[in-house]
Structure formats: C-alpha cells, structure tokens
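Chemist: One structure, pasted below without further comment.
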Amino acid sequence: MAEIGEGEETIEGRNVGAMWDLEQKLDQLMDEEAHKLKNIQKEKGLSTLMLLRLAFQSLGIVYGDLGTSPLYVFYNTFPDGINDTEDVIGALSLIIYSLLLIPLIKYVFIVCKANDNGQGGTLAIYSLLCRNGKLKLIPDQQRSDQELTTYGRTFLPEGSMAAKTMNWLEKKDSRKRALLIIVLVGTCMTIGDGIFTPAISVLSATGGIKVNNPQMSSDTVVIVAVLILVGLFSMQQYGTGLYNICIYDTSVLKAFSPTYVYMYFRRRGRDGWVSLGGILLSITGTEALYDDIAYFPLLAIQLAFTLFVFPCLLLAYCGQAAYLVKNKDIYANAFYESIPDSIYWPMFIVATGAAVVGSQATISGTYSIIKQAVAHGCFPPVKVVHTSKKFLGQIYSPDINWILMVGCIAVTARFKNQNQIGNAYGTAVAVVMLVTTVLMVLLMLLVWRCNWFLILVFTVLSLMVEGAYFSAVLLKVNQGGWLPLVIAAVLLVVMLVWNYVKIKRYEFQVHSKVSMSWIISLGPSLGLVRVPGIGIVYSELASGVPHIFSHVITNLPAIHSVVVFVCVKYLPVYTVPEEERFLVKRIGSKTFRMFRCVARYGYKDLQKKDDDFENKLFNNLFSFIQMERMMEPVSNSSNSSSASICSQPHQSREVLINNNDMDMFSSMVDYTVSTLDTIIPLDIPINAASYYPDRAVGEEETNELEFLKSGRDSGVVHIQGNTVVKARRNSSLPKKIAINYVYAFLKKICRGNNVIFNVPHESL
C-alpha cells in the first residue's frame, strides 16, 4: 500500500508540474498575441502623411478602370450623333448624379465597408453570410472552425427579424441554392468584365490615333489594340477638363442642377432612356474598385475618391461636354479632339497607359474571384501562383490569363467598335450591381443588423437607379448586349455542375464511410500486417473513416504502421493563420496508430511550391502528441481500447468486411468523445492514471514520437482514391450531359491534390 501511495503521489506531482508547464506556455502565447495586437493597432494608426501616400498609390490600382471611362462614355451615349446641344447638358447631369449616387455614396461609403477583412466582391459577402448562418450546401462545418481568430460571426437575438430571416433561409436547400445562384450570376458577370474592360479601354485609347491620322483604317486601330492586349496579358506573370470649360463653354456647369435630368428625358423620350446604357459606362469600374479594396486601407480609398478622383472625373466630363456643346458634330473621339494639339501625343501615351493600368486591375480582380470560387467549391481547381514575395494578394493564374486574352482579342476583332463592346460591358456591369444590392440587403439585415428603415432606403434608391440602367441595357441586347449573357451562362453552367457534383460526392462519402465499431473490431493490427512507414490517405471527410480505407484493407495484405487521414477543407474566411491551419485528432486507441488531420484554408490562402505540406503535417502531428500528453497526462488509452469489443473473439478480416458491407451506408457508430484535440474512449475514466501507478509519465509520449519518426524515415506513401461519377440510367438527358460529359471533361483537365500539394510522383 505504501508503494502504491508513493506512486500516486509521484504521478500527482508530475501532473501538477505538467499543468504548471502548460499554464506557463499558455501565458506566453497570450503575451505574444497581445504583443501582435499592439503592433497591429500601431500599424492601423496610420499617420496623415502615410494615409495620403496610400491614397495616392490607390489611384492606379483601385480607380484605373473608373478613370478610363471618359474615353468612351459620350460616344456610347450618342452613337448616332448629337441633335441638340441641350442633350449634352442633360447627359452630363445624368453622369454627375450617377457618379454621386453609385460610386461615391453607395460603393465607397457603404458597400466597401462590407468587406471580409479587406476582401471585397460578391463572394466575400457570401462568405460573411455563410459564417453567420448554415447557408453552405456542403455540410462540412465543424464547431472548431468557429473558434478561428479570422472567423468572426454575429449572434442573432431570438425572435428578431434577422433571426427569422436566417432560419427561413436555412430551412430548405432550395433557398440556399437560390442564394448561391444569385452570387454566382454576379461572379460570372464580374469575370466577364475581365474580358470587356481591356477590350473597350484599349480600343478606345488606341482609337485616338485616327485623330492625327484620319486616313488610318479601323482595322489598323484594331490591330494596334490587339498588340497592346497581347502585351498586357503577356506581362501578367511579372503586375484637361478645366481648360476646356474655360475655353469653350462655362455654361455646362448648370448640369449640376438635377432639373436637366428631367428635361433630358422629357425632350428625348425613349431615345433618352436607351441612352442610359451609354451613361452607365461612366460608373463602370465601380465593381472593380470593390473587388480590389484589399490592396489599401478603406480610409485611404475613401480619401482618394472624395478628394481627388470624384472632382477629376467631374472636370473631365464637364470639359468634354463644353467642347461638344460647341462642336456637336465631332462626337466620335471627343476625348482626343478636345485636347490641344501640343499635348496630343503625351495625352495619347497617358490614356493608353491608363487603359492598360485599368485593365490590369480588372484582370487581377478576376484571378482573385476565380480563387474564391474554387475555395467555395464552385470552380475546378486551377493553377494559381504568387507574383510577389512581398504582397500575398498579388496572384496570377496562367490558365485563366490566356483564356481572358483569347476572349479579349476575339471581342475586339469581332466588334471592332466601341459601341457594341460598350453595350456588352454595360449589361455585365448592371447585373453585377443588382446582385451586389441584393446581397447587401441580406448583409445589412443578418450581419450588420441595421434599422429596417435604413435598409428600406438603401434598397429603394439602389433598385431605382440600377433598375433604370438595367432596363436600358436590355433594350440593347441585340446590339452586343447578348455577349455577356452568353459568357455568363457558360460560366454559370460550369460552376453549377461542378458544385452539384461536389455536393453529391460529399454526400456519398458521408453515407458510405466506415463505422468506428468495425475499425475497432479489427484490433490494433486492423487484421493486416503492419509494415514500417506512414500512409497518408486523402479524403473529403472532415470526420469519420472514408470508404476508400475499406478497399485498401480488403485488397492489400499489409498496411503501414501509422495511418493518417488527411482532409483538405476550405472555410468561408479570407485566411486561416498558419498556427491554426491543422486540426489533428486521434482515431481509436493509441495502439491503432491512426490519426485524422484536417488542413483548413481560407479563400485567399495558396499552396505555394515552397510550402512543404508534408513537413507541416508531421510537425503538427508531433505537436499534437506532445499537447495531448500535457492536456491528458492521466489517460492511458494505449492499453485500453474498448474492452467490450476487444474481449470478443477475433473474427477473420473477410468476415468482418462482409458484415460491414451491410452497414456501409449507415451513420458512423461513434464510441468516442472529442476533448480538445484528442479523442478518448468513453469507457476510460479521466482519472485512469490511478489504475497504472507504475507507468512513467512522458515515456509513452517519447516512445510514440520515436515510433512516428522511425516510420517517417522508413517511407511516406500518399494514398488517393479516384471517385468516378456517373449519372443514373433513368436520369434526364440534361443531367447525363452535365455529369457524364461536362463534369468528366472538367475533372480531366483540373488539378489534383497531388499537384496542389506538390506530392512527389514516386510517393503517390
């Protein structure tokens, strides 16, 4: 009895020491986090000089597209010529109030605040909504995901309008799917902007050559534009107004009176309404501004637009209007015609450069959108690389890049003039703005929990203005407006098919996962010969044992001494900190040597070539074993798997497998509970150390770490299953085409996990 008492005292002392060490480590971590927080707050407290500097730098990236609109707005507003000079004043008034209401008030001061830690766009709003409710169609959320520092969510009061709306959305998958379709429509139209923006901006800029060379043909201008576009996309892998007002006509300033908007529509009637499609082009680039806000602080962007961009745009449009009032027959190239001859070539170079910069911003935004769509399971995985070691957000996708280039060249060569491209561009922009409005209403209600009156005012004003523009561009569908609809339809089919099959694949894996009772019944050897080495089994399941494992142990005579099930999961967050990326748990008792690792990524995270996924995986596995020992120093699951199961006579592996086939689609029988990052059998009491007084604390941990290291030295094998998806024989023809042909083709050309995580071919 004395010996046992001494043993208990020693174990207790060691347990206290382990907990003391753990408290010290936790205190150290908290101090480090507090220090990081202070640094972040210090960085956020930007000086006025730095803020102005950032505001200036944001001009090219954030406002490049918006700043090139004066190149083509008046031509697209009056494609058949100007009959009355008062029409110019009315159009200018519309431009002024469009810039005031949409880019300045709506986007810069309202929509841009709806960013996901600096990330903008329709998919960013969707991510915010998904984090605050169960709106994802793939049910792979875990409670531990909500504990991420970058997750963040708003808890809705019971019985509130926001809570009732969220419950209504969560109740049926059809409503979740409708929300996703709305988001994807806006996403597809934004990707279409990546084709139309370079086409119309560069073509409009190069069209100025004809001012000094009237004899030059339009085909020559198109060729020059195509050459610039090729140069623009090839470089992806590496990143006057006041004068005219004073000279020509100061009376254009009366356009600041909104009465001229009413007089414009009264005078022109239906033609005036149709011309809204041209006026809309004055605010194109606003959606690109929202997509690119991650590059600079929001306050810097607001300062740049309010103090510089907005006044400059007003002067530019007023200057052109003043020229057109006196020269209404010269409307095709009003931008170039209105500038003095002495600065023509410098202005031409600046305009072309601005068109390239504006196009660059849109193209970069397209890469980011595609990356977000992949993370949400709505687009096949494509190659994405960093173009800057300093800035994480600067990315490049070669596959998407060349597709955009071919699309831009095809659009430029096919339409050849600004008017039809402008109609196509306007249609895409109008749809994106409407989608953003719908999502903003949900965000204001469910996340921001704004007053219903403010939501109503925002909704009514936005829909009135954007609905008018949308109705105008619909009247030009047969004049080029059909193109973005076709492009969006093709992209939408690709996204919906990929997302649908991904959901079905996940549901199949959930229903066919192997039950824990069967795994435990096989015993620590799993009914096989355990050979030295580590087997990494990839699966889409964040919990449970995948069905592929039953195939492995059925068809192979041996299995590795250590098995790690790896699930790569994307969360609706912009990034997952490196220290929180891997979630490691144990499967069964310690004698099974089986682990589950969930690698979590945000939609801005990238798996770079220099990232050693395998090393990070093992480092986290070793840390888990050490932390498990510190948190549960008294548990002894290595010698104590479920007694009721292990005490049964061992059956042959074939019999167990045949019996398991009857239960392959049933839910997992889980005999374990999760505590922190480890899994402990229910029939092992927490104070189980008292049953093993002679056991040295830390010895088992050291042995297991050495066992893992020796297994790693023996060899690591990456095991991946190949899921073949086919439509049922009685499925409809569209579904057969979508799954058997469209999805099969996309699956064939997309990248696999072995490529994404740089798995050596000899280890696969």
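Numbers run from 1 along the shown chain.
The backbone N, Cα and C atoms fix where each Cβ goes, glycine too.
All TrEMBL annotations are machine predictions without curation.
Just lifted these from TrEMBL, have a look:
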- 46-64: transmembrane segment (TRANSMEM)
- 54-520: domain 'K+ potassium transporter integral membrane' (DOMAIN)
- 88-109: transmembrane segment (TRANSMEM)
- 178-196: transmembrane segment (TRANSMEM)
- 216-235: transmembrane segment (TRANSMEM)
- 272-290: transmembrane segment (TRANSMEM)
- 296-318: transmembrane segment (TRANSMEM)
- 425-446: transmembrane segment (TRANSMEM)
- 453-475: transmembrane segment (TRANSMEM)
- 481-498: transmembrane segment (TRANSMEM)
- 518-538: transmembrane segment (TRANSMEM)
- 532-763: domain 'K+ potassium transporter C-terminal' (DOMAIN)
- 558-576: transmembrane segment (TRANSMEM)
Chemist: Which sequence positions outside the transmembrane segment (178-196), separated from its termini by at least 6 residues, show Cβ-Cβ distances below 8 Å to it?
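Modeler: Same-chain contacts beyond the ends: 121-123, 125-126, 129, 135, 137, 169, 284, 287-288, 291, 362-363, 365-366, 369-370, 373, 378, 404, 407-408, 411, 421, 424-425, 428-429, 431-432, 435-436, 438-439, 442, 484, 487-489, 491-492, 495-496, 499.
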Chemist: As a test of reading the model: what is the averaged pLDDT for the domain 'K+ potassium transporter C-terminal' (532-763)?
Modeler: 70
Chemist: Can at least 3 Cβ pairs under 8 A be found between the transmembrane segment (88-109) and the transmembrane segment (453-475), with each pair 6 or more apart in sequence?
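Modeler: Between the transmembrane segment (88-109) and the transmembrane segment (453-475), contact is present.
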Chemist: Count the CB pairs under 8 A between the transmembrane segment (453-475) and each of 272-290, 296-318, 425-446, 481-498, 558-576, then give me the winner.
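Modeler: If we count Cβ pairs closer than 8 Å to the transmembrane segment (453-475), 425-446 scores highest.
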Chemist: Between the stretches 272-290, 296-318, 425-446, 518-538, 558-576, which one has more Cβ pairs under 8 Å with the transmembrane segment (481-498) than any other?
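Modeler: By the under-8 Å Cβ criterion, the transmembrane segment (481-498) pairs most with 425-446.
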Chemist: Counting only CB pairs under 8 A, let me know which of 296-318, 425-446, 518-538, 558-576 has the most with the transmembrane segment (272-290).
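Modeler: Highest pair count goes to 425-446.
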Chemist: Would you mind listing the long-range same-chain contacts of the transmembrane segment (558-576), meaning Cβ under 8 Å and 6+ residues beyond its ends?
Modeler: 116-119, 124, 126-128, 130-131, 136, 140, 145, 148, 150-151, 374-377, 526, 528-542, 545-546, 549, 552, 587, 593-605, 617, 621, 707-708, 711, 714, 717, 753, 756-757
Chemist: So if I exclude everything within five residues of the ends of the transmembrane segment (425-446), which remaining residues of that chain have a CB under 8 angstroms from its CBs? That is, six or more out.
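Modeler: Residues packing against the transmembrane segment (425-446) from afar: 76, 102, 110-111, 114, 122, 125-126, 128-129, 132-133, 154, 156, 161-162, 165-166, 179, 182-183, 185-186, 189-190, 192-193, 196-197, 200, 277-278, 280-281, 283-284, 286-287, 290, 452, 454-455, 458-459, 462-463, 466-467, 469-470, 473-474, 476-477, 481, 483-485, 488.
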